[in-house]
Ligand SMILES: Cc1cc2nc3c(=O)[nH]c(=O)nc-3n(C[C@H](O)[C@H](O)[C@H](O)COP(=O)(O)O)c2cc1C
């Protein structure tokens with residue numbers, strides 16, 4: 001059995017993680033999330049092994065040092081290529097290398113990666129063993145409970161048993177099947193029914209493994225309830241992206257017992273020098289502010305904040321002052337509301 005090096009930092013942080021999301025969890029998004037939570041584990045968007053190894057697209061590994069603990073998610077199904085990509089990820093300094101066995105998109109299916117690999121646990125085990133042997137970081141897997149007409153009750157424990165025998169000690173399970181025909185990737189995140197109970201049963205079957213649950217978890221209350229049922233971690237995707245203020249601001253105190261993350265207004269202030277540096281390097285304001293739109297979701301002025309950022313950031317020459325002004329408006333509105 002290959003030995004998977006367990007690094008305590010990402011494993012502890014995995015009690016709460018922000019899901020890998022293509023086009024969403026880029027490095028600017030992760031920088032913002034890291035201000036809101038010092039403790040949770042952050043995942044990159046999926047980077048394909050062929051893009052790194054054959055395409056030499058090493059810029060896809062760029063990240064900010066402030067993002068740690070941060071996991072690189074890889075897509076692929078060729079053990080040699082995945083091993084080379086994992087090595088590049090470790091050299092770049094990622095804390096964990098994760099294999100995507102959950103993504104149902106057409107493009108990904110055509111390259112035989114993602115959720116279709118739920119049908120070939122032996123190949124996933126081989127890939128993971130190669131990734132583990134090639135580099136020192138912990139290798140983890142994000143999977144579904146099954147695909148298409150598979151019997152999830154049988155397939156999932158078999159999958160976990162085989163892949164863990166290759167040395168993987170930590171899994172994140174998106175608690176629904178992927179239907180590979182007929183549903184768009186977006187529909188595949190909503191339509192196949194969630195089965196949290198099956199994932200909870202996996203923890204009883206594999207008490208020695210670190211199992212995180214994912215899918216439809218929208219609040220810290222829901223996350224805590226699942227942790228209370230014995231699961232080791234909770235991964236939150238869309239809710240963390242759309243309402244980062246709600247989901248991530250209180251996370252350090254509630255999930256990790258440490259009050260280390262910033263409030264939403266303080267995080268905005270801390271983003272200003274980051275934005276300035278990005279603009280000075282030739283970047284666009286909108287590349288950062290698009291991830292900040294939901295920061296005040298549900299609070300007075302949220303709509304104005306969203307509008308100022310989405311409309312204003314597209315204007316030529318717009319800079320951090322736009323964000324500062326929008327923040328000043330939302331803070332004064334909040335002060336007025338509190339005074340009433
Ligand atoms: C825009 C978007 C992009 C996604 N990209 C990836 C990806 O690159 N890799 C992956 O494993 N899952 C991806 N997912 C799935 C999420 O990681 C997560 O499993 C899913 O959204 C369910 O969690 P949630 O209900 O908390 O959002 C993506 C989801 C969204 C919304």
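Cβ atoms here come from the backbone N, Cα and C positions, even for glycine.
TrEMBL lists 18-327 with the feature domain 'DUS-like FMN-binding'.
In three-state terms derived from DSSP, residue 142 (FMN binding site) belongs to an extended strand segment. Look at TrEMBL and you will find 20, 21, 22, 73, 142, 174, 214, 215, 216, 237, 238 tagged as FMN binding site.
Every protein chain shown contributes to the tally, and the Cβ of residue 100 (site 'Interacts with tRNA') ends up with 23 other Cβ atoms within 10 Å. According to TrEMBL, the site 'Interacts with tRNA' annotation covers 100 (among others).
Residues or ranges marked as active site, proton donor in TrEMBL: 103. Residue 103 (active site, proton donor) is surrounded by 24 other CB atoms, counting those within 10 A of its CB over all protein chains shown. In the three-state DSSP reading, residue 103 (active site, proton donor) counts as coil.
Secondary structure from DSSP puts residue 186 (site 'Interacts with tRNA') in coil. Annotated site 'Interacts with tRNA' per TrEMBL: 186 (among others), in sequence order.
What TrEMBL lists as site 'Interacts with tRNA' is 189 (among others). When Cβ atoms from all protein chains are considered, those within 10 Å of residue 189 (site 'Interacts with tRNA') total 18, not counting its own.
Using a 10 Å Cβ-Cβ cutoff, residue 303 (site 'Interacts with tRNA') registers 10 neighbours. The feature site 'Interacts with tRNA' is assigned by TrEMBL to 303 (among others).
Annotation source TrEMBL lists site 'Interacts with tRNA' at 306 (among others). Note on residue 306 (site 'Interacts with tRNA'): other Cβ atoms within 10 Å of its Cβ, all shown chains, come to 17. Reduced to three states, the DSSP call for residue 306 (site 'Interacts with tRNA') is helix.
Among the recorded positions 22, 186, 303, the residues whose Cβ lies under 6 Å from any atom of ligand 1 are, in sequence order, 22. Look at residue 214 (FMN binding site): DSSP puts it in a strand. Listed in sequence order, 43, 44, 45, 46, 71, 73, 98, 100, 142 are the same-chain residues at least 6 apart in sequence whose CB falls under 8 Å from the CB of residue 20 (FMN binding site). Around residue 238 (FMN binding site), taking its Cβ as the centre, 17 other Cβ atoms fall within 10 Å, counting all chains.
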